[in-house]
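Below you'll find the structure, written out as structure tokens, and then a few comments.
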Amino acid sequence: MTDTHVAAHRQAAAPPPDAPRHTALARAALLLLRGRTLVVLVLLVIIFSSISSEYLTQSNLILMTKHVAINAILAIGVTFVILTGGIDLSVGSIAGLASMVSGGLLFKGLNVPGGTIFFSVAVVILIGIVVGALVGAVNGLLITRFRVAPFIATLGMLYVARGAAQLHSDGGTYPDLAGTEARGNTGFGFIGVDSILGIPVAVWIMVMVAAAAVLVTTKTPFGKRIFAVGGNERAAVLSGIRVNRIKISVYVISGACAALAGLLLTSELGAAYPDTATTYELNAIAAAVLGGTALSGGRGTIIGTVMGAFVIGFLSDGLVLVGVSTFWQSVVKGAVIVFAVITEQAQQRLQSTLTRRTA
Amino acid sequence: MRYLPSRRAFLAVGAASVLALSACGGSDDSSSSSSSGSSAAPAASKLIVIITPSPDNVFFKAEQEAADAQAKKLGYETLVLSHDDDPTKQSQQFDTAISRKAAAIILDNAGADASVTAIQRAKDAQIPTFLIDREINKTGVAVAQIVSNNAQGAGLGGQEFAKLMGGKGEYAELTGKPTDTNAGVRSKGYHGVLDQYPDLKMVAQQSANWDQAEALQKTQTILQAHPNIKGIIAGNDTMALGAYAAVQASNKKDIIVTGFDGSPDVVSSILKKGIKATVLQPASKIAEMAVDQADAYIKNGKADQPEKQSIDCVLVNPDNAGTVKNFAVAGS
């Protein structure tokens, strides 16, 4: 201990006059790196608004935030899973399945012996979310009870849930989800189309989901256990945490969030089709990673993930707005994600250097 | 996972393969639902194998069902398969057809180049293949290649769009998946007409990858950037539906939207004065023609039509939308 202490002192003392300034510079750099998602976001806004005067208008900001909402909700769910050291590749398919189940209930009702039942929109939405949570629970059980690696279990579910969504309508689209007064199931457009105080309902929902997730991860014992499981699973087991229960819970949360995102998308579209949200899992994982969530688990924040979703959304919409071709959109998006991970590594290195110096 | 001992890892792999199998089982259920059952084909085969892309898309579903119905009407057994646009899967399905000694194969193929060897393999095994909807890049391998004329159809769609626009104003175009030949052919067909109007100005062109939700979001953003847009021309019907949802949610509900395919959802939207027009590809008719020609080939041992056949598309607008049923206009 004393040896390293002395060594650290020597190292820091080697160029005596510059040392404090170096540390100060390093600290400033660290601060910048910590806030890199915000920095990137601000840069994006500056670049795009200098190209197009339409970018920084109130209506466009609201629209882009609405587009962000769907990915942000998916990504918040996925963040819970990644924090435990797992991964959830099935969220896009779960969104699609929830969309088809709810769309089917609105469009053709539920066939029971003796007739067809139509549920109110609130019940339909609830059923959709429960379906998502149940699929998430199956993921969790596969991973804990049957010891399937999360990557494989959720990859399997990616196919199973998508297939189930296609089977639900035999591949077809439920084209009209407006409902009728007679059936008492009108108003599905509320969550995806309507606004409250000029802000889309979908954005309000994102804010509520994010606030709840921040509270859960930072203020509750459950949240601390999630980090414990992801940080060091063995230590978590030894300290008496019911690791399996935590793991199942995070997949349930992820499934429910995915279902909610699918319903928002379906509500806005006014139609449910089996391919809804195909490959959205990748955008969600990218948002989490961009926001500083470590894929190895144990490190990350909900706010970071939401910021990550904003970066991806503001970037994609900006590229469309200024008329960049689809090919370049993919290249730019991929490059930004890789760049974000590189800066994260730089942050880790700098942070450990600084900790050593001040120790 | 690093913390799993090898025995557990083994278990994990085992469970995963079970899962994967069940996943395959799920999709097979949907793709071979109209299979003729497991009875072995008789020696003089009366089996027609029908292979198409995923019936997710109503278009492929319609052609699948039309071919199946026509073959059964002519007294054949059928095996209906879906290759999900995967040439490898398609190749395996060809092996199945060959081992079951099919009398003919009706195929909407999984790739213009990637499909050639499989079709050649069937030909070597004396099984004729009749292509529908999509061509391959080689002649003399398949007996027939019956496709709808996308260029002619896009010309019709472009003319109708120009007419609806009154020959002037700003418009946006949503194109299909860039790797799909038809996306390019349709876009070129549209522009062959639209570019002749000096007052028609395309202010945005984006690919929405044939996807409804992507079309919705991209249209919303395009409308932000270009508030004066009067019309949106889409490369297929799912994108037209997405664009129409965006238009409905905006405060400019009179924006003109047109599509391409003639899907039932768009036809009903046209009847409700929503989407203005689409171009119908005669999917059912093409599938039936292919089965008829296969039947003639089986009976006479030679083709009664030239290999390359191009079937014209039909414009659908409020005037004739009421007569459209299952990818066919009455009387065409």
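Any Cβ shown, glycine's included, is placed from N, Cα and C.
Per TrEMBL, the features are:
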- A:1-20: region 'Disordered' (REGION)
- A:37-56: transmembrane segment (TRANSMEM)
- A:68-97: transmembrane segment (TRANSMEM)
- A:117-141: transmembrane segment (TRANSMEM)
- A:148-168: transmembrane segment (TRANSMEM)
- A:188-216: transmembrane segment (TRANSMEM)
- A:248-265: transmembrane segment (TRANSMEM)
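For the transmembrane segment (A:148-168), same-chain residues at least 6 beyond its ends with a Cβ under 8 Å from one of its own Cβ atoms are 81, 86-90, 92-94, 96-97, 99-101, 104, 135, 138-139, 142, 274, 276, 278, 281.
The stretch from A:37-56, A:68-97, A:117-141, A:188-216 with the most CB pairs below 8 A to the transmembrane segment (A:248-265) is A:68-97. Listed as Cβ neighbours of the transmembrane segment (A:117-141) (distance under 8 Å, sequence separation of 6 or more from its ends, same chain) are residues 88, 90, 94-95, 97-99, 101-102, 105-106, 109-110, 150, 153-154, 157, 161, 179, 183-188, 190-191, 247-260, 262-263.
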